[in-house]
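Have a look at the structure below, then the notes.
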Amino acid sequence: MPRVRPVDSSKSASVPSPSPSPSTTADLHSPFEPPMSLSPVSAHGGAERRTGSPSLPMPPLDARRCSAGDGATGESSPSARTSSGSLRDASGSGSSNPCRSLNPAFTLSPRQGSDVDTMEHSMAPPEIVLELDKPHPPERYVCDVLSTEARRVFVTQHCADLAKKMSTDRILDSLLPALLTIFELDDYAESFDNCDGCIARVLPDVIGQMDTKSVETVSYFMGLIMELCCSAESNVRADVTTALQQVCTMVDEPVLVELLLPLVLSMRLSFWVVPRAIAAGLLGALAVYPAVVQASGAPVTQWFNWFLESGSDAAVLVREAAVASLHQWVSVAKVHHVQLVLMPLPLVKEFITDDLSDTVRYLLVQEMVELATLVGPDATSKYLLGSYLMACRDPSWRVRFTAADKMGRFATKLADPAVLLPHLAQLAEDEEPEIRSAAARQLDAFAERLPGKIIESQCVPMALRLGEDCDAVVRSGAAQHYAPLILLESEAVVTSVCRRVVQLMQDEVFSVQISAIQSLESIVRVLGTLAPQRGDGGPTEGRSSPATAFTSTKVERRIATVINALVQHLFAMSDAGNWRLRDAAVHAMRFFCGILREDEFTPLTITIRTLLRDPVSEVRRQAIDSLEVVARHYGAEWAAQTTAELLHGEFSAENQKSYMWRVIAIHCLRVLLPVVSGLSIHDLRCQHMHTITVALLRQYAADTVANVRLALVKAMPRCSMWFAGGAPEQAAFNEATLALRADADAEVAGLAQAIPATGRWQGSDDALLIVRGRPFARAVAMHWR
């Protein structure tokens, strides 16, 4: 890629500027891929058209690389093409500006009306220098494109944000050439992964920031768009298609008619796979606009016939693109008042019987879920259900897996989800364990929508059988989807489900055990629907489940059945030798506060406090997080009692010898003291705890271990309200802040600068003054009380 640099203004007159006209068809293809089957452009701007395939607009003659007087025809031989994709005139008539291209988007000279300096040719890649003219004052952004990582970061992280700070002219003059530079560097220099796809993904964000999205402005992007459409990498196809679908929704209709319509219809007839695949994904996006269909000269039924041709294309990639865009034609049918039975629903059965590629079929299963959402339950049951059931019996395991994995969502779109249960049972016995696991994950979706009798007779036996499958993947999948079965009326069924969960918690494979422990969260949440306020000590009289009616007596009995069956084994897991099991157990304990009263939660509180001294830091962190969740749920009284017990027990002076225990004490007080602050400052417990915490604050601020002081400086902002209750507490807090700001450890001192000083203004008895960023000496001058 040539290096660009400004030249003397006296030389600029000899370098012609390109016209701001749309791109020609000569630049539609990449030099690394043969040209697409485009209609030839005549010398007078007309075109020999193929049926339904209008040519791209012809630019004015002064936009051609050679003038008419030079006898240029606009054609180029392979030998005249350079490595960067621009065209050179073999006769040397283009030597006045060797960087010119037939496509104005690829020229290195400025467009007409631009105030950007003229550039001249050099062999080194340039730096990207962008003028950001929207901020006040204006800013500059510089990026060295020689570095692969710098190019990747520019495209993926900075480009969209930079476009927000640039006017339309600056986007066209600076940001678009920068993207083109990086795109061309990807051809002959070292490339970062998926460069074309990254540029395609950011393209809608850049175009969306332009104030005007007219033919005049969007035409400058057509060179880049056409090069992306001709990418030799098939994985770029989806990114380009998605990007252009988004562009279609944001540009003016003349852009669709004059620029994108000729491009799509030309690519549809290309000899190459990727352009045809992109066209297949864009036909529906354009057909939804009546003005575009009218401009094409073909009725919407002909457009659907073109889409049918894409659906039967010999290339698998084109058929995949057609399947993935099938749902677009539902909107097309509604806009043009065409019955869904005519388009697109007839294509579903045709695709599902495609025996050439299972990729097409499993993509169709995913698309059927989207179609079902759009067409409604009646049309889904009539036109889509049969094809979905065929997918459940498909010889390809990938199709059956997708059918099993999407069955829960598809069932919600049917008038009667029970018709899928026999097929779910068949998939639950499939020879592939991944398919059986996918079937197990659908159980809760069916249990939430079917009558209790059907669930007990069909879903429960299937769920229990999957829970004792020979493959650990299946057992792990089944373990996490038993929760809705807890709401069934039959006590025997609930007991058997709890027994299966307990067995999975004791499984020989620890990944299955973790899945079973994690499932307790959803089980507790389901129980919470029976008595939403029980964990708060509220009444349960007259409450009922969404599924079945429960009296208060049945609620208490059901909760007791589940808790007695599960909690005891949860205690055993909290003492397991594998730290991951202890981590999962202490994480699950926090959810039981939603259904247990404070006194009932006491055994779990003791276990959480025990795990505060676990040798694994991740387990200790989970225990502290669980303390915070429970304290916020039960409120200030519970938090005050727990804090007092910790201060006189685990955090007593004799237990403070280890610096690790001092750090744990700081983290626990960080989560508990803000909740305790909800009590009155006149509460005797608060006054007693203030005395202890002030002493600990001074002790930790002067601790010899930097980790202790670092934990303290991170905890102090959250505890500022606790130490704002009285003069001694305020003085201790500010003294600690001042000491930490002067700490020898740079990280501690830096974080301490953000700690607000706290105290009371002399002129007010009650109002608290938060002094931010002021030295302690000045605060003393204000006469703290």
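Any Cβ shown, glycine's included, is placed from N, Cα and C.
As annotated by TrEMBL, compositional bias 'Low complexity' applies to 9-27. According to TrEMBL, the feature compositional bias 'Polar residues' maps to 74-112. Feature annotation from TrEMBL assigns region 'Disordered' to 1-119. Annotation source TrEMBL lists repeat 'HEAT' at 344-383, 420-458, 604-642.
Mean predicted confidence for the repeat 'HEAT' (344-383): the pLDDT average there is 86. Secondary structure of the repeat 'HEAT' (344-383) per DSSP, as helix, strand and coil residue counts: 32 helix, 0 strand, 8 coil. Residue counts for the repeat 'HEAT' (604-642) under DSSP, split into helix (H, G, I), strand (E, B) and coil, are 33 helix, 0 strand, 6 coil.
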